[in-house]
Ligand code: ATP
């Protein structure tokens, strides 16, 4: 990699730009950036998010399954059963390779997804601000920073406004460092004192700024001190870990069962009995299960990514299933987030001005009453003029090319900027006249923003422009009345008048902003401008008027909210907006109105109207309640207006105290605590990096409907996992039953003869079982999946255990009947000795034929059982999914193929000489096929009867 100097803090900005062949105003050209990416490599730390193939390989060879198989192999070699040992070695190798490939692929998918959701950087390329993945940043890139951004590379700052950076992770300093742009004299200044630099991986805690990237990847300071930061979140989920643990539990069970085998055979350690014990140990383990889960989950996250929901932590696939409450933002999530300023009110007017226009078009008409007014006339009104100035200047948004929708910034501010443009008073109109010198940024906690502007060349005075929620009124002591600035006389009369107007606009669903202004000077402030604090600036302001901004709800929000209600999921809207705005929008999209009953019937049978305050509260009202009072509320509010990040945390805590599972959306830096606290944290793609890193899912389209799609996908995956767990594990139960009962079948020497051989069991569990299980994993979502309440209780519910044992007993019982029929009813009824190996073939013929019968009937039942498991309660012939029962039987192509191939595949091994006797310990059959077909039919009848009983007797709702 090419070397760059490391004394950028001591160089001037023009010098840095020249050295890196860039331009602080225009940034790099795309072609040049691509060239530099090749030259300097990707902006990534070594080991970061890297996939470690050795670790994956180690995982494959150190699990309970491999352990059992290895012990079985060693024992087989010791007892000189080389054929079996050979098969076992092939199985171990196959399992390790398949497991490795699947895990590697799954990790690669997660890795790619994490990269998609990883911090992004706002850079200037060819003069246009664009968002790129942090990995694509190259030295020379001009990067724009805002609060909450994680600095993607080491940068020499070239522009800052109140910028503070939290550098604790690099310097250990807990206080954020204030930044400026002047070059330092000393080259050997320590990193903590290089106040004109921003270092990779640190976070912007205040203000904003711009910097030129001077070092990327391993050349950054963080890269130098950490040769291998492995921040890959654990890629295994609790479910996978539980299953891994379960493998060890099964291992212990298998040892226990082996002891039983020896005990029943009076601790006679002859080869025959040892092989029996091996067979039983292998039967206990669902060999294919973990691999199938890995693949199904990986496919699931890929699907979700296609639907704009990027899974950052696999665990979410499990935690989404039981979600009972979704707490969602309003702006941009439930609404389009594409705002337009539609109403303006100034104190001297009775009515509001109405502003028209399409999208971000900077043209539109302004009318008052029935009259359309021209810009000149409106701006002649000093009050209106100031309000427009405030809209344009107390504003960080940029309109690049409005006709093409190229705009940059916060939607509220874009709306204000577009409005100013409509009066030819957008930001560019103030170039050379006014310049922003100090900014007190907006945050969802402060709910207001102030900008101090200097008047270039005209006066030493400064203009303070403030805009925000009603709390701006608290810092106004004057009001503009036409040309005049008047002291507010009767404050309550003033507030009453303004609040009435706010209420009027808010009930129309408009976001209302208060605008204010003050002209001041360093002299009257008593200190130089650089030293002005927020408290100095935000006081004694003059109220200018109100603006109303429309943010239309997304069309799909209403449908999605309804889907949540159908699925028993409550939707809460936590918004920063005014109560009436929130109520109007919440009613429009159905959060309020059809979720709670409009009335309650009390114990005396008297109907009482559910008080509205329970459904809609302001954060102030909610926070004023103690935890006990919150818990005493019958229902938590569906809408919290004027919500702050702290209230979001309280809401999650309140939900948790009610034993609810909550999903929470967020985008700001301050949302990180609530996102972390929620069971499912959902960050917005366009949100801050900190929010993204605290969440489990990132929505690339910020859309509420995507959350609902992700919920549906989570439910689908979970219900499919249940299906194939029942499928695979009930077969294990069946096999164990066969071998435990089989202990009673002893030969003339008192040695138990196994009805199923170890290789037969392995063949069933791995070759026959895995493909249909996989096909269950990719089953489409049932149409009822979003019509049942959230299912608590994890994977191993009582019903699932019951199913496993019921189907296991059906299969085990039926094949034992087959065994008895072949040997005792139709055969000679004698068990010859040495039938657990191939040394006494002639005498063992009946036993070997019986084993073939068992393998085939068990295999066919196992395959039919895959169809059973598609619906754990509905009949195989359900019409669910539409298209009639036949179509339903063939619509899952993978299932059809795996059943057909799985049914035919074992047949050659019944007939191929030597392979059948020496490896499978079975022999050719003829009339026994009749028994096989009959048992499969009986199994089918038993399964359907069992499901019928379940449907009749079980009251709990279930996904059909
Ligand atoms: P939601 O939580 O529904 O997504 P939000 O996060 O957009 O809403 P906030 O951004 O916290 O809500 O806005 C709350 C209030 O703060 C708004 O109603 C408005 O009065 C005010 N406000 C919003 N944006 C700005 C801004 N850029 N400058 C000043 N005030 C603002």
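Every residue gets a Cβ built from N, Cα and C, even glycine.
Caution: TrEMBL annotation is automatic and unverified by curators.
Taken from TrEMBL, the feature domain 'Cation-transporting P-type ATPase N-terminal' applies to 7-81.
Positions annotated as transmembrane segment by TrEMBL: 56-79 (among others).
Sequence annotations record features per position, and here TrEMBL assigns transmembrane segment to 85-106 (among others).
Under the heading transmembrane segment, TrEMBL lists 247-267 (among others).
For 273-299 (among others), the entry in TrEMBL reads transmembrane segment. Remote same-chain residues near the transmembrane segment (273-299) are listed as 63-65, 68-69, 71-72, 75-76, 79, 81, 84, 91, 95, 98-99, 102-103, 105-106, 109-110, 237, 239-240, 243-244, 247, 250-251, 253-255, 257-258, 261-262, 265, 314, 317, 717, 720-721, 724-725, 728-729, 731-732, 735-736, 738-740, 743, 751-752, 754, 756-758, 761-762, 765-766, 769-770, 773-774, 777-778, 836-837 (criterion: CB distance under 8 Å, separation of at least six residues from the stretch ends).
Same-chain neighbours of the transmembrane segment (724-745): 257, 260-261, 264-265, 276, 279-280, 283-286, 288-289, 292, 296, 752-756, 761, 764-765, 769, 772-774, 776-777, 795, 800, 803-813, 815-816, 819, 823, 831, 854, 858, 862, 865-866, 868-869, 872, counting only residues six or more beyond its ends whose CB sits under 8 Å from a CB of the stretch. The transmembrane segment feature in TrEMBL is assigned to 724-745 (among others).
Feature annotation from TrEMBL assigns transmembrane segment to 757-778 (among others).
Annotated transmembrane segment per TrEMBL: 805-827 (among others), in sequence order. Here the transmembrane segment (805-827) has Cβ contacts under 8 Å with residues 726, 729-738, 741-742, 745, 755-756, 846-847, 849-850, 853-854, 857-858, 861-862, 865, 868, 927-928, 931-932, 935, 938-939, 942-943, 946 of the same chain, all six or more residues outside its ends.
Residues annotated as transmembrane segment in TrEMBL: 847-867 (among others).
Here the transmembrane segment (894-912) has Cβ contacts under 8 Å with residues 763, 767-768, 771-772, 774-776, 778, 852, 855-856, 859-860, 862-864, 866-867, 870, 919-920, 922-925 of the same chain, all six or more residues outside its ends. Summarising the annotation, TrEMBL assigns transmembrane segment to 894-912 (among others).
Residues or ranges marked as transmembrane segment in TrEMBL: 924-942 (among others). Tertiary proximity for the transmembrane segment (924-942) is limited to same-chain residues at least six positions away from its ends with a CB under 8 Å from its CB atoms, namely 810-811, 814-815, 817-818, 821-822, 826, 849-850, 852-853, 856-857, 860-861, 864-865, 876, 910-911, 916.
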Candidate ranges 56-79, 85-106, 757-778 - greatest C-beta contact count to the transmembrane segment (247-267) (under 8 angstroms): 56-79
